[in-house]
């Protein structure tokens, strides 16, 4: 938490600092005192673009001071009407109007009252002139090639700084190099001219940035004449070479100029930048070097600029004084110049006189010390005049101090100390106020303070007193001074209470007393609860690229809630208020979220709270997990034919211990470049002995694994090659592939490349009939299959397969039993009989075929059957064969889902792995009648107040001769009660309608209709309808439907119904419920109700209301319905049916168990097959 507390410690340290150094006496404005200058101008420059120029001088004092000015040591009066003055201030303005150059000078401000005179430092007012080059005619310059020349600039004087540039008329800079140099004064030097230096537009530009002015010198023309010492026939290269040889000369210094001699002196002020320049003419161009005589150049502060011609030393100190030498040299000689550098310094204070308040009769001293080079002289002034004019009895005046004895009120004055040398003057003032006054407490009475438990409280009692006063604090209710180590009173009157508790709250009194009198004020202290923080989660470990969420829970005093501010930092560096610009780090008050965490996000996160009175912080250590770095420096040792030791160095685990290492190898000849896992090593180990296979050129790599994941693979190791050897193993999974009769196609899994152990891999295959006393037959092959012809069908053989290569054979192989190829069965079973179980189910029995006629492994028997005709109408059916298989050795099976009242043909055959054998002779059988299916429809075609006419359609399947119908009906009004069930037996099967009478008017009925044969009645079909009411609408049913108004009414009703259905559909999609269960309970199907009664007994749903009425069973006077038997009982467990060639034709579906009743529209169940 160390970084989080730095801010708090800084605040506490600042408080102690202010309390310690706030004891300097500040005289209240109400007490008479000498003037004090509180604001003044420094150097003031009259820039031509300013509107006015203000020279400031402000002072305080009691009585209010008055102001006077001097200019260049003479009184300055505001006689010029342009000067604007300020009331109760010494500040004045000079408008930028007309000529103001006569205002230039050094000003000094004096503020005076009856007690003394304060004096400002000198204020220099500069009125710069506009710099201009003189209008002059510059004669052209003409020199010979190789000679030196200097182009003078002589810039005009102006307000510094000054920048000089040499350019042509197109404002392109003149290129400077070792041969061409511009001096600090602005002159352009040529060590030796070349023909290319000829031009007529050498221009010197002087820039004065503070004046926003650039001036240009008239262009200069320079002509360089080429030497003509060579023959006309000579080439230009030869001419230049000869010319140079004639002009070659040793260096001669142009800077410093020759008249300065071999040495010169330079004075530089401490702290400034020293520039020494040296330039020499000569041919070839001289090189310049620098050194300090008797010492070294200051490292880090010295640079050589302008191709070595300028030595620059920054921030000069006294250690830099001495002799510096520049040496210009070429191969013909050298030239030197010594610079004697003198370091001086303007005056600077070491001790300044301090203002003080004294009481009558006390003693005092003023100190004034300054340093500089040369040593400054010190002069004292009193109220702006030399101290000699103000002698006081008993005062002792020295250059560096003034001592006072038995001070009296007339000692009150302003003392000035001036320190000066050739480089400037500095001024320091000290007020001496002799005052006798009772204590004046400047802190307001009744001030309220607050702090938090455990912190320090500071109660202020700032005062002014002369003579000195004694301060004491006490609690109001206790009326005695505070004592104890927890209390401390500072010199300025402030009370500090350390480690505050809730008992420290209350009112306190501050008493200040001196020889003149005493004064008191009160202060009130409130104690708040300390702010508490908790960052969660604590010390999380988070994988890289995951999201980190930190929460800072704070608990704060209610009085401090408004000032609570939370901030986040990491490793002592604060985050921006809202996080990072890219949005990866988001700060939302107490929440810090970092997306896609990186390793750089690891560190100590601190949540800091700051209130008006206290601060708190809590930290959490975030550890970022990542996959390990790859292992390094793989090394192979202990190399053997079948093993090698691999060692490595672990990489950085990124804060998650390595759990294991995965060693991979590459060397598979079949798949070069593919890495395979060889072994795994515990995470604490970094070496392993690896088992190897022969005849492999190995290369290894290692992957480190930790809880985050796998590292990248290491760099591969060196290669290690093992010698060849005989095979260590034989092929596996020896088997016979489907083959022709009297044939074996033997197959096996070939050895992998890593299992071959050497070159020339082959397979030796041996075989013989099982149990026969004959020799093994043998054949060697290179692939992994062998075709062998056998004399018998489906005969057992002992087979062995052995691996061999050029270095030998594998281990002795194990024998396996294989069978030669199968053939189809060659005989058919004999059907013994077909027993009819019911109208849809029969049982078939047959004789099995002999084992020697199977010619392979018997898989089972297959029944094929097809319908030939219907016994109802005698119509014949096209042949559509159905198939049902029974696995294993068996002699019977059940055939379900037959059509009732029909004739069928049926055959049986045996099948093995090769296929099916011949079919038996067809067996003919018939199924008896069954119950019919439900009628295709039931409609109420006519209704009156007490009658209804119903119409229906024949069932799709009659399943026998139709004997009639059973019509049932009952009342089902919208109540919990239902009516008694009424039965009508209709014995005329050809009649498709029935007229019911004696019905109740305006009553809703439910109708049930079943078709019947001699075997019983089938499933019912239902319909609901209501009878008409009494009155004029009764009896209109016959002709109302032909009326136009009725048709319109029906259309309107249909439209309204469509709208209501749409609304219901929308409501249902929005989550509304439609209670089907309630509807069923209200109007149940009587057959379903009967099933519930018989099957579930007393069971009822507690959420449903029981019916008050009772139902008679719909099954009364009816025979039990026949149900189709399930294939579960009879068929093979593959859920499939087959056609004549044995292919899948679909699954059978059966009805419910015997005795069950299905309502209209119920789904059928799919039954699995079983043997």
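Every residue number used here counts from 1 along the chain in the order it is shown.
Using the three backbone atoms N, Cα and C, a Cβ is placed for every residue, glycine included.
Remember, it's a predicted structure, so these values are computed and weren't measured experimentally.
Taken verbatim from TrEMBL:
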- 29-124: domain 'Ig-like' (DOMAIN)
- 128-223: domain 'Ig-like' (DOMAIN)
- 229-246: compositional bias 'Polar residues' (COMPBIAS)
- 251-344: domain 'Ig-like' (DOMAIN)
- 347-433: domain 'Ig-like' (DOMAIN)
- 439-526: domain 'Ig-like' (DOMAIN)
- 531-623: domain 'Ig-like' (DOMAIN)
- 630-725: domain 'Fibronectin type-III' (DOMAIN)
- 730-823: domain 'Fibronectin type-III' (DOMAIN)
- 825-930: domain 'Fibronectin type-III' (DOMAIN)
- 934-1031: domain 'Fibronectin type-III' (DOMAIN)
- 1045-1066: transmembrane segment (TRANSMEM)
- 1077-1095: compositional bias 'Basic and acidic residues' (COMPBIAS)
- 1112-1124: compositional bias 'Polar residues' (COMPBIAS)
- 1157-1171: compositional bias 'Polar residues' (COMPBIAS)
Residue distribution over DSSP helix, strand and coil in the domain 'Fibronectin type-III' (934-1031): 0 helix, 50 strand, 48 coil
Top Cβ-contact partner of the domain 'Ig-like' (29-124) among 347-433, 439-526, 531-623, 630-725 (pairs under 8 Å): 347-433
Among 128-223, 439-526, 531-623, 630-725, 730-823, stretch most in contact with the domain 'Ig-like' (251-344) (C-beta, under 8 angstroms): 128-223
Secondary structure content of the domain 'Ig-like' (251-344), with strand meaning DSSP E or B: 6 helix, 56 strand, 32 coil
Per-residue pLDDT averaged over the domain 'Ig-like' (347-433), given as an integer: 89
Whether the domain 'Ig-like' (439-526) meets the domain 'Ig-like' (347-433): three or more C-beta pairs under 8 angstroms: yes
Number of helical, extended and coil residues in the domain 'Ig-like' (347-433), per DSSP: 6 helix, 51 strand, 30 coil
Helix, strand and coil residues within the domain 'Ig-like' (128-223) as assigned by DSSP: 6 helix, 37 strand, 53 coil
Helix, strand and coil counts within the domain 'Ig-like' (531-623) (DSSP): 9 helix, 50 strand, 34 coil
